[in-house]
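What TrEMBL says about this protein:
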| type | residues | note |
| --- | --- | --- |
| COMPBIAS | 66-75 | compositional bias 'Basic and acidic residues' |
| REGION | 30-91 | region 'Disordered' |
| REGION | 151-173 | region 'Disordered' |
| REPEAT | 102-135 | repeat 'TPR' |
Amino acid sequence: MNKLSPATDLSVPVREMKIAWKNNKKRPLGIISKYPNLPFEQQHDQHNNQEDPANDPNKNQNHTELNQEEHHEPLDAQSEPSDSSDAAKLFHSFQAEGTKLAEAWVTLGRAQLNFGEPDSAIESFDSALAIKPDSEEARDDRHTAMQLVKRRKQLHSSGLSPTRNRYAVGEKT
């Protein structure tokens, strides 16, 4: 048998490849945020305050005062409704938010049940019932969680393990 030498019989032509790097310098990005007092922009802002008229401290102060005035107006409107229709609208908006909050507590309680935490779930369902006492979902789910806690207590008092006898097949004794 002939031994083939890799250099002679199986040689592969070698091609040279040129790699070119771009030497174009990228332009620096301008300041994206114009908010003052951000810790990561303090050094950059000190250098640009002299050049950029948009960073005028008087302008930022006026903007802050406007925002504070805007936030006080809705509070005054909510605390002193001018007529009964405003009060009714306010009541319905709070009632809708309460319904959403109660649903959120029920959802949290169900998630806690799924993760095997019935004690925490009972607290969540109690919070939902405090917000919306006529919620049948919260009441039923709380009852289910209470039954799970009761079964767990019975299991612990009997000395049985939930994993050891879980899949046992046989007659009851």
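The backbone N, Cα and C atoms fix where each Cβ goes, and this holds for glycine too.
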Model confidence for the repeat 'TPR' (102-135), as mean pLDDT, reads 93
Which residue counts does DSSP yield for the repeat 'TPR' (102-135) in the helix, strand and coil classes, in that order? 27 helix, 0 strand, 7 coil
